Structures are given as C-alpha cells and as structure tokens.
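J.: Following this message is one structure expressed as structure tokens.
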Amino acid sequence: MAAGHETPALVDLEKSSETMPTMTPSKQTLRTLHQKAGLPSVAPVPIEERTDRNTLQLFTLWLTANCTTLPMTTGISGTLVFGLDPAVASAVITSCLALVSSIAANSKNSYYFAVGIALLQIATLIGYTIMTSIVSGHTLTAVSQGNLSLAVGITISVVGALPISFLGYKYLHYIDQYLWAPSLVALITLPVNLLTFAAACASLCTSWAPLVSDFVVYIDPSTPRFKTLCVYAGYSVPSILLLILGAAAGAAVPANHAWAEAYGLYSVGGIINAMNSPLGGFGKFLSVLLAFSVLGLTACTLYSLSISFQSLHPILSRLPRYLYSVVIVAIIVPISIVASSNFYNSLSNFLSVVGYWTAYYSSIALTEHFCFRRGRYSAYNVSNWDNHKALPLGFAAVVSLCCSFGLIVPSMDTAWYTGPIALRTGDIGIELGIAVSSLMYIVLRPIEARWEDRNRSSS
C-alpha cells in the first residue's frame, strides 16, 4: 500500500492503540494465557488450518508419552503382583481414529452417548495420571532416602506438568520432540541383561485409543497415510521394551534382597532407584530423570482432559481450557497421595476397569468405520459435530454396550470381583466384550439408520 493512503480502519487502529491504557504485567500474563491456552478446542479444525506436515512429531510425542516409568510399572505388576512368568507376558497394541477424540464419537453416535464416552475418558485419564504421579513421587522419595516426603514428590510431578499443558497443541508437539531424550538416556543405562526375557507384560495400550487423535488435528489431510504409522511406532517401540523390562525386573525382585527391601520401602520407585544404585551419584541423577519422565505424559493427559471437559456441554466449551487443567490438578494431587498407601492394589483395581470400556469403545469405532463407512473418512459429515438432531440416536451403540457387559461381568477377574466364567477360564471379559459389542452393532446399526431416515422423511 502506498504511503499516505492508509485506510480509515488502520488510522483508527493506530489512534486507539495510542490512547489505550498500558496493561499491568499481571493482566498481560492473563491475557496471553487466555489467548494461548484458553481458546475453545472442541470444534473440528478447518481444512485450511490443517497445514502441519511434520509427521515426525507424531513419533516423538508418543515416544515422550511412553518413554516413562508407566509401561515399566505395568510390566512389573505382571510378574511381581500377578505371578506371571516373564516369557508369558505379552503386549497388545491398538490405535484409533481422527478428529478430537471425544468429539469424534459424535460423528458416529448420539450427543448423549458421546458425553458418556467423554466422562469415561475423563475418569480414565485422571486414573492414569494418579498412577504415574505416584510412581514419580515414590522414585523421588527413594532417591532422597526418605528425606523428601511422598506427598511432596507427587505434588512436584503433577504441578510441574501443569504449565506445559497450558501451552496447547503446537507447543506440546515442539517440547515433546526433545523431552524423550533424557528419559531414554536414563532408561538404557538400566541393567541390560534383564532384556533377555522374550515377551512383554499385559498391556495398557487400549487406554490411549480415545485420545490419540487429540494430537493430530492440525496434520495436513493430504499427508500420505503410511506416515501416520509414526504414531504406532512412537507408541509401540518404548511400550514393548519397557513392558518387557518391567516384567523382568518384577521377576528378579524376590531373588534380589536389595531390590526387595527397596520395593518394601518405596514401591516401584524403590526398584527403579535400586537398579541405578550401582552407578552411585550418577545413578541417583538418572533416577530423578526417570521420576520426571512423566512430565510430558502428564502434560498431554491434562491437555486431553481439558478438551474432554469442554466436550461435555456447549456451555463448558466457553470456559478457558487452562481452568480445567488447574481444577484437575487440584483433584489429582490429594487422590494420588491417598492412593499411594496401597499402590498396586489401586493400580490393579483401576486397570481392571479401564480395559473393558476402552476395548468396547475401540470395537464400536472400528466397526462403524470399516463396516458402515467403508473405511472412508469422507463419509463423516464433520459439520454436524454439534448438531444433535443430525447425529445418530446412539441406540445401536448403547444396546451393544449393555449386551456386551452381560458377558463381560461374568467373565471378569479383578481384585474385587471374579465372575463365574472367569473362575474356569481366567479373565476373558475384554475378548468377549469386543466380540459381542461388534456383532450386536453390526445387527442394530442398520435398524437405527432406517428408523432415522423414516423419521427425517416424515418430518
């Protein structure tokens, strides 16, 4: 634009900026926080904004999220708590769809069904954050030989991740490109001979299915499909290795007096610190790195949790996202401190419930996508994401859930309940739940679709 020909809008803007009072530093901080971390996140991202072609960050984000003590903790529980032989332990890995995950349920089912899924996702993510914060707190307490209380260690691990979660999608991806490195350095120095065991432990993989897509919403839709395998690689590689390592470590504890004593004093954190103790002061440094390895995972979890809360009701989406993160941290810290007194009982109770609903969710999502949408993402009308009347009723999904739990419950083998089928076969609730819910959904979804078409044509 030539000089001397400013538009009235630009002139007015310049004048207004000259007369605008200077904001105090605190107000500037709040304004920046609201702009960066408080914008509504539940609406589908427009195509013109999906320009990110850096698929490597899909690998590094999930590498950071899983290159932590959480898979190792789950692996330890398989051999140390459930008495499995290390060679029998196995890792089961799954992945899921696109869009913001809890909102993506709206594309397949009714609004109210999606709200139920979002509530289950909130409970699941809070539970896993509690588990990771307890392990981190135990590790910090073990390194300090009890000088740092468990409550303080838990608080540090959760509150430390809070500012990272404020930064949002782009900054989470950027930070997680590098945050995995110190964790990996600490992990590979653990005793290498433990990796001779041939299989991994029972898996926690399906718990990621409802939220994995929260971190791909800005990826260019024209990106070659094979590149999205970076998500699978970033998840599976560290998970399998650390599950195997955890199973091996758990099997070695009864035969190693020092490890058994450390486990009795500081739970899993004691085992981690004992494994590093031959390295002296450097070993303590590595244990601290491992304690803080959960920061990237917790930050991603807080980010997804805030989105899940916003998806519960349109009114909730108007509140800034960072407020939900603060409230969640205030809930997680005291619960973690209480649950830490009996960590593995809390872990087994939690994991026994999570697997059932996430397996059901994944089976319904995959059945809808491949059987009724023919594997075509274009078959989803994303513009109807907040139009309750245009969404499916959810009858097929709800009835499928009820029918599947009719077999899941008698097939469950948990710390607090063992069903009659599980007494003879072991826990096969997840397998039966997936099979029954998929079959019922295949039968009921066409009936629901015909009913919806008839109602729309009559109206």
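Even glycines carry a Cβ here, placed using N, Cα and C.
Straight out of TrEMBL:
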| type | residues | note |
| --- | --- | --- |
| REGION | 1-25 | region 'Disordered' |
| TRANSMEM | 59-81 | transmembrane segment |
| TRANSMEM | 87-104 | transmembrane segment |
| TRANSMEM | 111-130 | transmembrane segment |
| TRANSMEM | 150-172 | transmembrane segment |
| TRANSMEM | 184-211 | transmembrane segment |
| TRANSMEM | 231-253 | transmembrane segment |
| TRANSMEM | 285-309 | transmembrane segment |
| TRANSMEM | 321-344 | transmembrane segment |
| TRANSMEM | 390-409 | transmembrane segment |
| TRANSMEM | 421-444 | transmembrane segment |
J.: Look at every Cβ pair spanning the transmembrane segment (111-130) and the transmembrane segment (285-309), keep those 6 or more apart in sequence, and say whether at least 3 of them are under 8 Å.
T.: yes
J.: May I ask whether the transmembrane segment (231-253) has at least three C-beta pairs under 8 Å with the transmembrane segment (390-409), counting pairs 6 or more apart in sequence?
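T.: Since fewer than 3 Cβ pairs under 8 Å link them, the transmembrane segment (390-409) and the transmembrane segment (231-253) do not come into contact.
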J.: Using a Cβ-Cβ cut-off of under 8 Å, list the residues of the same chain that are 6+ residues beyond the ends of the transmembrane segment (421-444) and lie near it.
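T.: Distal contacts: 352, 355-356, 359-360, 362-364, 366-368, 371, 395-397, 399-401, 403-414.
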